[in-house]
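Below: one structure, written as structure tokens.
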Amino acid sequence: MSFIEEFQANIEALPNHLRRKYALLRDLDKSLQGVQRHNEQRCEKEIEDMIQRIKAGNVTPDSSLIKFSDDALDEQKHAIRIADEKVALASQAYDLVDAHIQQLDQYLKKFDEELRRERDIAVVTGTPATTVENNVKSGRSCEGKGGRKKTRLATAAEATATAAAATPSGMDLDLPVDPNEPTYCFCNQVSYGEMVACDNPNCKIEWFHYGCVGLKEQPKGKWFCADCAGTQKKRKGR
């Protein structure tokens, strides 16, 4: 079993584990609400009784008898225990997801090491590497100008950069990125997600990420990047 198949087998059980924990959390929450509601009613009644006894002169305001009953205090302690159980369940669910994320990070590193190993073997033997990356790149080279605005598939190595590109600045993700991977777009980053090609055959950059150029879907008709669009306008104005 490869590490990818192993990860798929492990992650398939995750939704059921989380579903059971969330169901327990929901039951505990309902129980806690019931205990809190009953305790509030009990305490309100006991406070009213205290006020009536003080008005009747049976109890002085500074008397040590002015306190909640043992039953009311026991209910409050019970509510705290239920709340602690909820916190423990939430922590378990978090740790479960975090363990799978760490496992995925390890598998990505292994996958990157395999890609590097195949590249090294290909360099030594002089044969092309038969990786997923090469298969996808060969597909891009056959697209031609007419179909360049179709979605450009990210390679396996490039996929590791997707999470980094979607992460806010200041957050460091420990994901391996091949320094020899070609870069594209105004952001000068590797290929990831969906990309669009400029229809200017002399465009210096050529490929752009949807997000960097404000696109959410494939543009209709010809599309030019900001630099080439300005050049086109100048030519038309002459």
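Indices start at 1 and increase along the chain as displayed.
Cβ atoms here come from the backbone N, Cα and C positions, even for glycine.
Just so you know, TrEMBL annotations are computer predictions that nobody has curated.
Taken from TrEMBL, the feature Zn(2+) 1 binding site applies to CYS185, CYS187, HIS209, CYS212. Long-range Cβ proximity for CYS185 (Zn(2+) 1 binding site), meaning a same-chain Cβ under 8 A and a gap of 6 or more residues, is found for MET195, ILE205, TRP207, PHE208, HIS209, CYS212, VAL213.
Of all Cβ atoms in the protein chains displayed, 23 besides its own lie within 10 Å of the Cβ of CYS225 (Zn(2+) 2 binding site). Taken from TrEMBL, the feature Zn(2+) 2 binding site applies to CYS198, CYS203, CYS225, CYS228.
Here TrEMBL flags 182-231 as domain 'PHD-type'.
The site 'Histone H3K4me3 binding' feature in TrEMBL is assigned to TYR184 (among others). Every protein chain shown contributes to the tally, and the Cβ of TYR184 (site 'Histone H3K4me3 binding') ends up with 20 other Cβ atoms within 10 Å.
Per TrEMBL, the feature site 'Histone H3K4me3 binding' maps to MET195 (among others).
A simple way to gauge crowding: the CB of ASP199 (site 'Histone H3K4me3 binding') has 19 other CB atoms within 10 angstroms, across all the protein chains here. Per TrEMBL, site 'Histone H3K4me3 binding' is recorded for ASP199 (among others).
The site 'Histone H3K4me3 binding' annotation in TrEMBL covers TRP207 (among others).
Across the fold, the C-alpha of CYS228 (Zn(2+) 2 binding site) and the C-alpha of ASP199 (site 'Histone H3K4me3 binding') stand 9 Å from each other. Of the recorded positions MET195, CYS228, MET195 has the largest number of other Cβ atoms within 10 Å of its own Cβ. For CYS187 (Zn(2+) 1 binding site), the same-chain residues 6+ apart in sequence whose C-beta sits under 8 angstroms from its C-beta are HIS209, CYS212. Report note: the Zn(2+) 1 site is defined by CYS185, CYS187, HIS209, CYS212, and the residues of the same chain whose CB lies within 8 Å of the CB centroid of those residues, excluding them, are TYR184, PHE186, ASN188, GLN189, PHE208, GLY211, VAL213. Neighbour density for TRP207 (site 'Histone H3K4me3 binding'): within 10 A of its CB lie 18 other CB atoms from the protein chains shown.
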